[in-house]
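Engineer: Handing you a structure now.
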Amino acid sequence: MSISINFLTGSDAVAPAQSPVIVVLRLDGGFGKHATALNENTGGMLDRACASPRCKGESGEIIDLLAPVGVSARRIIILDLGPKSKITALSAMKAGAELAKRLEVEAETAATLLADPVSDAALPSSEVIARLLLGMRLRNYRFALMPKQDTSHDIALTLVANDGDRAAIDRLSAVAEGVSLARTLVNYPASHLHPDNFGDHLAPLREAGISVEEYCSPDLERLGMGAILAVGNGSDRKPRLFTLEYKGEGASGKPLALVGKGMCFDAGGLCIKTGPQMFTMKGDMGGAAAVIGTMLALARQKTPIHVVGVLAVAENMLSGSSYKPGDIVTTMSGRTVEVYDTDCEGRMVLSDALHYTATRFDPCAIVDLATLTYSVMRGLGHAFAGLFATHDELATALLAAGEKTGERFWRLPLDPAYDDGLRSQVADLRQHSHDLEDGDALFAAAFLKNFAEGRPWVHLDIAGKELIGEDRLLARSGGAGFGVQILEEWITSNSASLQKLS
C-alpha cells in the first residue's frame, strides 16, 4: 500500500467533500474552520458524536460516522489529536498511523483530510500535520520482493491545508522515503542483496544527486584494509567498501561522516551461529541501511550540509579460507588485532571503515551505526538502543532527537577501564575481552574508539532494532528502517552547530 497526496490550499480547497471519506481533526475538544463548517452543514453531527461517553478526547482516538444525506462522502472520520499541551511529534505520528490503519481495515482507497491549522499547540501547526502524514506513510509501508506490487489498497489522499504547511510536509515525505528504502534493504534476503550487487541497490541515491564510489577487493588490498578482507574472505562474494557523498548548496566546512556496518549475511564464520540465530542475519546490514536512508532523505530535502557515508559491506561465511580464532590481522590503521571470536566481525569491518573515514575525509564528527552486540539487547531490552560518545554535545543532541522521533537511545559508558580487556600479548589489540559475557557492547565500543583517530565520535549499537518480529502501529513486521529518523532529525535541527565543529 502507498499514499499519494494531492495538496489543496486557498481557493483550490473549495470542494473537499468529493472523496468517499472525509477526515477532520479534533483538538482540545474543538474543531478548526473547515471541520466547523462541516459540522454546521450536518446539523451539529460532529458535536453530538463527540459528546458520547465513548469519546475520551485521547490522541489517536477515532470516531467513524456514516455521512448524512446532503454530504457527498459516504463516511466522516473524526481523528482526535488530544490536548494541545500534550501534542508531540511521536503522538502526531501515531495518530496518523491510527488513521491509516482504519482506512486500510475498511479498504478505503480515497479520502480527504481537512487539516485545519493547529494553534497554540506544543508543536508548530505545520509540523503536526507533517508528522501525522509521516505516521500514515510509515504505517502503510509494504515490502514486495516481486516487482509487481499489489496496489488494491493504495490511498489517494486529498489534503486541504495551508500553503505554509508544504515545506514541513515535503521534508517529512523525504524522511518517509528514506525510511522505506532502509526497510526494503533490510527486508531483502541474502539471496537478493549481497556484496556483488549491493551497488545496484544504491540507484536511488545516484538519482538524488549523491555520488557513489565502490571499492572492490583489489582496491581494499591496495588500501591495506586487512580487517574487512579477513572477514569477507570466507565468502565467494568478496567484500566491498562504498563511499557516498552529498554536499548541499551553501554547505561549508568539514563534512559530517556517517559509517554503517553492512553485513549482508552473518553466519558467524567458523564460530558459527545456530540456525535460529542465522535466520535474522539478513538484517545485519541495518546500520548501512540507516546511513543510506538518511542520506537519501537529506538529498531529497536539499539540506544545506556536507555529509559523507561509508559502508563496510561483506558476508561472514565459513569455508577453508575463513579467518580463524587466533589469527592476527593488520588493519588499515597499521594496528594489529588478535582474533578471538569470528562472530565479532562487525567491529572488524568497522575498524577499517572508521580509520578510512577519519583519514580520507577529516570529518567534523563521525557517527557509526551497527547491529553489533547481543549484550546491548540484554542490557537495555527493546525500549532503547545503545549510544557511546567521545563528545558530550553530540551525545546530548542525538539523545534529544531520539526522544522526539521515538528512536530512543541510552548513553552507555566509554571508559578507559574497558581498555584493559582489549590487551593482547601478541597484537596491539584483542578483538574481544576474555569473558564473552562481560559487557561485550562496552568492550566493542572501547575497541572501535581507537579507529576514530581522535575525531568527535558517536557509536550507535542498534542490535535488535533492525527487524521487528510482530506488526506495530508505525511499522509492519520485518525491516524497521531504524536510525533514519533520529539521524535526519539530528542533522536538520543541528546543521549550523555541526558545521561549527569544523
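Glycine is no exception: its Cβ is also placed from the backbone N, Cα and C atoms.
The domain 'Peptidase M17 leucyl aminopeptidase N-terminal' feature in TrEMBL is assigned to 33-143. Residues annotated as domain 'Cytosol aminopeptidase' in TrEMBL: 181-487. Taken from TrEMBL, the feature Mn(2+) 2 binding site covers LYS261, ASP266, ASP284, GLU345. The feature Mn(2+) 1 binding site is assigned by TrEMBL to ASP266, ASP343, GLU345. Annotation source TrEMBL lists active site at LYS273, ARG347.
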Engineer: Suppose the Mn(2+) 2 site is LYS261, ASP266, ASP284, GLU345. Which further residues of the same chain have a Cβ inside 8 angstroms of that site's Cβ centroid?
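Structural biologist: Near the Mn(2+) 2 site, beyond LYS261, ASP266, ASP284, GLU345, sit GLY262, MET263, MET281, MET285, ALA314, ASN316, GLY346, VAL349, ALA370, THR371.
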Engineer: Measuring C-alpha to C-alpha, could you say which of the binding-site residues LYS261, ASP266, ASP343 are within 10 Å of LYS273 (active site)?
Structural biologist: ASP266, ASP343
Engineer: By CA-CA distance, flag whichever of LYS261, ASP266, ASP284 among the binding-site residues is nearest to ASP343 (Mn(2+) 1 binding site).
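Structural biologist: Spatially nearest to ASP343 (Mn(2+) 1 binding site) by Cα position is ASP266.
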Engineer: Taking only the Cα atoms, work out how far ASP284 (Mn(2+) 2 binding site) lies from ARG347 (active site), in Å, as a whole number.
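Structural biologist: For ASP284 (Mn(2+) 2 binding site) versus ARG347 (active site), the Cα atoms are 12 Å apart.
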Engineer: Could you give the Cα-Cα distance between LYS261 (Mn(2+) 2 binding site) and ARG347 (active site), in whole Å?
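Structural biologist: Counting only the Cα atoms, the answer is 9 Å.
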Engineer: Taking each of the binding-site residues ASP266, ASP284, ASP343, GLU345 in turn and counting other Cβ atoms within 10 Å of its Cβ, which one has the fewest?
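Structural biologist: Lowest Cβ count within 10 Å among the binding-site residues (ASP266, ASP284, ASP343, GLU345) is ASP343.
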Engineer: Identify which of the recorded positions LYS261, LYS273, ARG347 has its Cβ surrounded by the largest number of other Cβ atoms within 10 Å, counting every protein chain shown.
Structural biologist: LYS261
Engineer: Tell me whether ASP266 (Mn(2+) 2 binding site) sits in a helix, a strand or coil according to DSSP.
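Structural biologist: For ASP266 (Mn(2+) 2 binding site) - judged by DSSP and reduced to three states - the answer is strand.
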